[in-house]
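Below is one structure, written out as structure tokens; comments come after it.
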């Protein structure tokens, strides 16, 4: 009896010991696997990994964002109507643009600088920082900024005027993106930046000749890249025609973007400061203008302001004027006849019916565009 009891106790101890050894062995293996996993570089399960999931509370929808989504980029030389364009798109319930990020053109310019320097290119390649690595990092950075600096929406757009100096590169990073290149009479753009003291890197605001020369160089760079990616990806939008005939141009533009028509794009001024509407910056120079409905008040303000010697040499100083369809010697120019509604809007603007709302009243800083 005692012998049988000892035998049972011995068997029980053996079973317990076996289970304990098995458990400890399994635990050790799990720890080893976890250590190995942590030592491996992080891998994305999906090459189209979502940067952000945004929730539209009102519509009870969740949106996911990735590099293959149909992003919209608005650009051009500053003072060419880029803010008006983004405000009109922002009024659409399915589109969110938001204020200028300012960081996007700077990081793109940095990437261009690295690419142009053969010595720097060799150094980066030797360090394993290849074009593929940089492009992947740029995709993630740009998308993160575009997505997270505003509210979620089915369609996202970015408006940083000089970002389109890297238009072909952006088209490669985001294969389904569309580009809107805002074009304006260079004489009007330059007069606006000089009279409103909008400092732009490289532009001498004391010289119409210098500013027109720099305007010509900048718009030529963006225009050539727009032509390179083709009409299916890039659309030229003449500021003058947009303000003269907004409905015609917005219908054409939304069709180009494959976004359904919505009448609210013609009344962006009614959506300012509203949820899901147009968010404006207190420090951007165009804010006091886009609070007003589309009007023709700014079209010919440059007439009589440009020095005679510059006017005489205009075709040589700014050959892109003629290429874009402007008469370099027309003074004043004839941009066309506005729609009746625009004439009414302009009359109301001149009467002073539209004033800067209190929540936007803050003295603007000196704005510099790079």
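Just so you know, glycine gets a Cβ as well, placed from its N, Cα and C.
The transmembrane segment annotation in Swiss-Prot covers 9-25.
The C-beta environment of residue 192 (3'-phosphoadenylyl sulfate binding site), restricted to residues of the same chain at least 6 apart in sequence and closer than 8 Å, consists of 79, 198, 298, 301, 302. Marked as 3'-phosphoadenylyl sulfate binding site by Swiss-Prot: 79-83, 184, 192, 196, 239, 286-295, 301.
The DSSP secondary structure for residue 157 (disulfide bond) is strand. If you take the C-beta of residue 157 (disulfide bond) and look for same-chain residues 6 or more apart in sequence within under 8 angstroms, you find 71, 72, 73, 74, 86, 89, 95, 96, 97. What Swiss-Prot records for 97-157 (among others) is disulfide bond.
DSSP classifies residue 100 (active site, proton donor/acceptor) as coil under the three-state reduction. Taken from Swiss-Prot, the feature active site, proton donor/acceptor applies to 100, supported by similarity to another entry.
What Swiss-Prot lists as region 'Interaction with peptide substrate' is 102-106.
Swiss-Prot lists 226-234 (among others) with the feature disulfide bond, giving similarity to another entry as the kind of evidence. The secondary structure of residue 226 (disulfide bond), as reduced to three states from DSSP, is helical.
Among the listed disulfide-bonded residues, namely 97, 226, 234, the Cβ with the most fellow Cβ atoms inside 10 Å is that of 97. Of all the binding-site residues listed (79, 292), 292 has the fewest other CB atoms within 10 A of its CB.
Each residue contributes its Cα atom, and for residue 289 (3'-phosphoadenylyl sulfate binding site) and residue 234 (disulfide bond) these two points are 26 Å apart. Each of the binding-site residues 82, 286, 289, 295 was ranked by the number of other C-beta atoms within 10 Å, and first place falls to 82.
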